[in-house]
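Annotated features in TrEMBL:
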- 251-282: compositional bias 'Basic and acidic residues' (COMPBIAS)
- 283-297: compositional bias 'Low complexity' (COMPBIAS)
- 33-558: domain 'Major facilitator superfamily (MFS) profile' (DOMAIN)
- 1-23: region 'Disordered' (REGION)
- 238-299: region 'Disordered' (REGION)
- 78-98: transmembrane segment (TRANSMEM)
- 110-128: transmembrane segment (TRANSMEM)
- 171-188: transmembrane segment (TRANSMEM)
- 200-221: transmembrane segment (TRANSMEM)
- 314-347: transmembrane segment (TRANSMEM)
- 419-440: transmembrane segment (TRANSMEM)
- 446-468: transmembrane segment (TRANSMEM)
- 480-503: transmembrane segment (TRANSMEM)
- 536-553: transmembrane segment (TRANSMEM)
């Protein structure tokens with residue numbers, strides 16, 4: 001052989017440093033991407049809690065702004081309620097658009113554009129104080145809902161797919177931003193609003209400056225996995241079998257081109273694409289039937305047409321998701337109510353002798369500490385459940401993706417049922433911990449029991465997010481998360497603070513806040529301590545609704561398990577009854593090699 005025919009060996013690439021921000025494929029490593037998600041989540045939640053931390057000062061602003069509507073001047077709490085409703089309106093529109101377009105566009109531009117709108121909304125919120133304008137504040141708060149919407153539908157599925165064996169812990173790491181950000185914003189807003197040098201307008205300005213580097217960092221994120229589209233959310237899906245095998249439910253449009261002819265943009269996934277191993281071809285286990293079955297080349301590409309109606313229909317048709325969302329709305333409504341009125345509750349109960357700052361600080365630190373402890377604890381619990389199920393499915397081997405692609409479709413509802421059982425117990429224990437605070441006068445035991453109860457509640461967050469994603473097929477995970485969060489806003493943290501605020505004002509009228517930001521009758525408020533505790537008992541009791549709906553969610557998951565077992569075994573028995581003659585008539589009784597489990601013919 002001549003030397004000219006020898007192909008030169010390509011030069012080997014230098015190994016990447018473990019500290020390199022990019023992996024071998026040029027994508028941003030999870031060790032850099034996920035902490036960035038956490039910081040952005042903290043910033044977004046801090047912005048949301050500033051109004052709650054300075055609720056008295058915002059009420060005074062609403063009643064005195066030059067363009068406030070008449071009803072807001074007469075009832076500042078109603079004006080604040082309208083501002084919160086504007087945030088939900090902006091969020092609702094953005095979450096519907098984000099949940100829909102995540103199937104069509106890359107996730108990075110979606111998140112980055114939402115963050116830019118949010119950043120401008122934070123800037124406008126600070127300007128509202130300088131302009132003395134109610135409507136500038138109203139529309140600015142509406143704009144800030146965009147960032148949360150984009151993150152809601154993108155971050156958890158991305159962490160689930162990229163997190164590997166520790167996806168539950170990574171997800172809890174990201175979700176820790178919720179309690180930490182809310183507590184930080186509560187304390188931060190309270191201190192800035194009562195400062196002799198600054199005011200709540202500067203609270204937004206400083207947050208604006210602090211969050212700018214996060215936007216710049218997001219702009220430099222690189223993720224070409226699956227074309228930059230969330231795995232499982234793309235419009236193209238490979239389907240094996242003969243044309244017409246799968247029923248057309250009106251939501252898909254069949255393309256009978258073979259996979260090899262589908263083009264580079266829709267090729268079968270490989271290790272270079274998104275870390276998944278190529279799908280094993282379906283092989284008949286019984287010999288002599290190969291010629292009667294479709295060839296492997298009959299695999300085709302299915303073009304899925306996602307519409308807002310089809311996405312909504314998928315969410316509403318999932319009993320697990322609907323029940324889960326209603327239960328989570330009850331919890332989030334109570335958490336938001338305590339976040340809004342928590343400082344006032346602590347002050348009205350005379351747990352502290354000094355002014356609001358000490359009460360708000362103690363309350364905020366307790367909430368933050370419970371979130372920092374509870375959310376990772378819940379992530380560890382969720383990882384244990386995932387590892388147990390996936391370990392069984394893989395024969396005890398290690399799973400490469402506990403929370404994402406390692407979950408077989410047949411395991412979705414068993415995992416959901418197992419997680420919901422643990423969530424139910426955690427919520428029950430949380431109620432048992434916080435109810436004694438209704439009879440406690442000392443600040444230390446009051447905050448200690450509140451810490452235990454909130455820690456247990458926050459421990460449910462990772463499992464609830466995972467169950468929401470497991471309640472639908474992989475392509476609709478963003479829509480399920482959008483549905484979960486939107487329901488928690490519409491039925492939870494928007495109406496419930498208003499309702500509980502009205503109950504508090506009715507049971508303890510002297511503890512209502514006047515235009516100066518103080519109790520209307522401090523001495524009378526001290527005499528109405530029993531009314532304050534009664535309104536707090538109503539808030540605690542509202543969590544009982546979550547126990548009911550979480551139980552229904554678990555029941556719905558167990559029904560799906562039973563239905564799956566019936567679908568698995570009924571074709572087996574029907575084929576046995578037909579006898580062996582029909583096996584040779586074109587209706588073969590063949591087991592396909594899909595995890596060595598019969599799927600029927």
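Yeah, the Cβs are placed from backbone N, Cα and C, and that goes for glycine too.
Predicted automatically and left uncurated, TrEMBL annotations should be read as such.
These figures come from a predicted structure and were not determined experimentally.
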Cβ contacts under 8 Å made by the transmembrane segment (480-503) with residues that lie 6+ beyond its boundaries: 77, 81, 84-85, 88, 91-92, 95-96, 98-99, 148-149, 152-153, 156-157, 312, 315, 318, 321, 324-326, 328-337, 340-341, 464-465, 468-469, 471-472, 535, 538-539, 542
Whether the transmembrane segment (536-553) meets the transmembrane segment (171-188): three or more C-beta pairs under 8 angstroms: no
Range from 78-98, 314-347, 419-440 with most C-beta pairs under 8 A to the transmembrane segment (171-188): 314-347
Average pLDDT across the domain 'Major facilitator superfamily (MFS) profile' (33-558), rounded to a whole number: 78
